[in-house]
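*Asks:* Once you've had a glance at the structure underneath, I'll fire off some questions.
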Amino acid sequence: MVKAWYMDNENTDQRLEHHRNPPEFISLEDLYKKTGIEYFKLNVDTFKTDGVLDKIKKERGYSYEDQITVSKECLPNYEEKLKAFYKEHLHTDEEIRFAVEGSGYFDIRDDSDQWIRILVTPGDMIIIPSGSYHRFTVDTNNYLKAYRYFVGEPVWLPYNRPADDMDCRKEYVDKLKKGFSVAA
Ligand SMILES: [Fe+2]
């Protein structure tokens with residue numbers, strides 16, 4: 001089940017929950033309004049045949065997919081990779097992830113530049129808008145298996161902050177100002 005909350009500013013292990021005290025959770029609806037993140041709940045047992053994912057892929061034009069496993073066993077230089085994933089960055093395209101095993105955190109800046117942490121577990125599909133500053137980490141379980149999707153030839157290139165002059169960033173900031181009011 002996906003959950004999202006505002007983060008504290010403690011400089012401790014990135015894999016911890018980093019709740020504020022007291023915790024400040026945010027609803028999926030507000031998450032969308034404040035960041036543009038879209039969320040879909042899929043059934044991990046039936047997604048290959050139940051048509052729900054196929055419909056999303058068709059509607060959004062996802063023509064490429066692969067799978068990534070973030071774990072000590074599957075990623076060479078694991079600790080270094082984790083640090084790289086956790087650097088605040090943006091992309092010129094959407095980042096689409098569908099968790100099928102394990103868990104992890106996607107952090108995104110809200111409209112006031114505050115970090116929101118999103119916990120994804122099996123069945124959670126999230127779409128991070130192009131031009132939004134975000135980062136990723138596993139949690140203390142150190143394991144996430146997820147599908148990645150893309151429109152056209154995949155480009156995974158991150159642009160670390162600051163990247164405010166990029167067109168995709170300007171477009172995103174424009175949308176943030178106007179508000180993501182139309183439900184996904
Ligand atoms: Fe990213």
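All positions are counted from 1 along the displayed chain.
Placement of Cβ uses the backbone N, Cα and C atoms for every residue, glycine included.
Okay, these came from TrEMBL:
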| type | residues | note |
| --- | --- | --- |
| BINDING | His89, His91, Glu95, His134 | Ni(2+) binding site |
| BINDING | His89, His91, Glu95, His134 | Fe(2+) binding site |
*Asks:* Taking the centroid of the Cβ atoms of His89, His91, Glu95, His134 as the Fe(2+) site, which other residues of that chain lie with their Cβ within 8 Å of it, listed in sequence order?
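*Replies:* The answer, listed by sequence position, is Leu90, Ile128, Ser132, Tyr133, Arg135, Pro158.
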*Asks:* What's the number of neighbouring CB atoms sitting within 10 A of the CB on His134 (Ni(2+) binding site)?
*Replies:* 22
*Asks:* Name the residues of the same chain, 6+ apart in sequence, whose Cβ is under 8 Å from the Cβ of Glu95 (Ni(2+) binding site)?
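*Replies:* Non-local contacts for Glu95 (Ni(2+) binding site): Ile127, Ile128, His134.
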*Asks:* How many other Cβ atoms sit within 10 Å of the Cβ of His89 (Ni(2+) binding site)?
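*Replies:* The Cβ of His89 (Ni(2+) binding site) has 19 Cβ neighbours within 10 Å.
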*Asks:* Inside 10 Å of the Cβ of His91 (Ni(2+) binding site), count up the other Cβ atoms and send me the figure.
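*Replies:* Looking across every protein chain shown, the total is 20.
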